[in-house]
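Trainee: Encoded as structure tokens, here's the structure I'll be asking about.
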């Protein structure tokens, strides 16, 4: 079973890694094509499109994932219809409101009346909306290779469209905005055609629209709160510190990009697997407990590995990253804690306790705001990193605590919490010192301690790999 899961994980995540390689080649070219001001117009427009789509979903995309495996395969077209019915109405209403204020929106985004922006917002919102559901269907059917291939194709298509559109628009936000939209149209059509059976809507779902809506609505609020939670640090740095601090703080996220990529790959893989396993055998809690241990040691070790290599990483990335050396250590907890919480939160998800999930997200958002309020004026971007890192740890603790209240998982939390404390101390040390010798020695010692703490898991992993490659 472990070998099968490993293959699924690789099939879902290899597209992310190849996309990174493509990005390394294409990003330096595309950034030289556009001026910062035009790139800024594009960025603001894309943020607005994402907000529109996020609100219009009403959390029903989460409901689709929740009920997918509970629905009979032949009735999933009806489930999809019920999950997009209200969101489509909501999307039309939002776009109608924007139509009446299109000049104001255009002036805010670009400083002038530009019909291309409104057209881009409408077309982009529609494409992003249907792309989300079309890719969700592929995820939930666990078509990992197809999912990864489509992600690779979209990166290639974006670059091709950028080169083509640049001939017509030159230094304009339209180049990137419309290259993204045209690429997504092609990918969405491919995904819909491949899964055309579910898009026919000719069946009636076992779950009605109201049931799905009342499950999904609190999740919609949670998603918006998470968006605020993830943006709050940068906003407050700008408010309480300087633009320079915002810049080096943002750059720090590039240093943990590798772990973020692995985290995204795992999350994409984990959601459908978790739902399927629980729907087929809800008594098999050991599966989730084992996954937690495997994920914990993997992310703990790779996280410490990135921390002890920080000087090498920054040297490789260039001098402009030097000021980020002492900021990113506490940010390492973002991908680590989020991934672990995705494993442990399943008790709340399976029991449909979406209101609790919403409440917990509100608590950590408030906590992060308070932490930033006190730490940023004193430590600048370092303070934001400390507050955000600690908040993600609280995020994991709260999700785990309430999850096991509803399903009695026996996660091995003692050694996980002990390891987290050690990594906190190490990260704080790295935040306020640059003594390379001690950084490396303490990092290697911490890696050794983690191996000892998880020695049973390490032995099991070695044994499984030996059996696979024997």
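The backbone N, Cα and C atoms fix where each Cβ goes, and this holds for glycine too.
Please treat TrEMBL annotations as automatic predictions, because they have not gone through curation.
Pulled the feature table from TrEMBL, pasting it below:
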- 9-27: transmembrane segment (TRANSMEM)
- 39-58: transmembrane segment (TRANSMEM)
- 116-134: transmembrane segment (TRANSMEM)
- 146-169: transmembrane segment (TRANSMEM)
- 175-192: transmembrane segment (TRANSMEM)
- 212-229: transmembrane segment (TRANSMEM)
- 249-270: transmembrane segment (TRANSMEM)
- 291-308: transmembrane segment (TRANSMEM)
- 328-350: transmembrane segment (TRANSMEM)
- 357-377: transmembrane segment (TRANSMEM)
- 383-402: transmembrane segment (TRANSMEM)
- 414-430: transmembrane segment (TRANSMEM)
Trainee: What residues elsewhere in the chain lie close to the transmembrane segment (175-192), defined as a C-beta under 8 angstroms and at least 6 residues from its ends?
Mentor: 30, 33-34, 39, 42, 45-46, 120, 123-124, 127-128, 130-131, 134-135, 137-138, 150, 153-154, 157-159, 161-162, 165-166, 169, 199
Trainee: Take the transmembrane segment (357-377) and find every residue of the same chain, 6 or more past its ends, with a Cβ under 8 Å from one of its Cβ atoms.
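Mentor: Residues 218-219, 221-222, 225-226, 228-229, 232-233, 236-237, 240-241, 345, 348-349, 383-384, 386-388, 390-392, 394-395, 398-399, 402 contact the transmembrane segment (357-377) from elsewhere in the chain.
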Trainee: Between the stretches 39-58, 146-169, 414-430, which one has more Cβ pairs under 8 Å with the transmembrane segment (328-350) than any other?
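Mentor: Highest pair count goes to 414-430.
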Trainee: Do the transmembrane segment (39-58) and the transmembrane segment (414-430) share at least 3 Cβ pairs closer than 8 Å, excluding pairs fewer than 6 residues apart in sequence?
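Mentor: Contact criterion not met.
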Trainee: What parts of the chain pack near the transmembrane segment (383-402), using Cβ distances under 8 Å and only residues at least 6 beyond its ends?
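Mentor: Same-chain residues near the transmembrane segment (383-402) but 6 or more away: 229, 233-234, 236-237, 249, 252, 327-334, 336-338, 340-341, 344-345, 347-348, 353, 356-357, 360, 363-364, 367-368, 371-372, 374-377, 411, 413, 420, 424, 427-428, 431.
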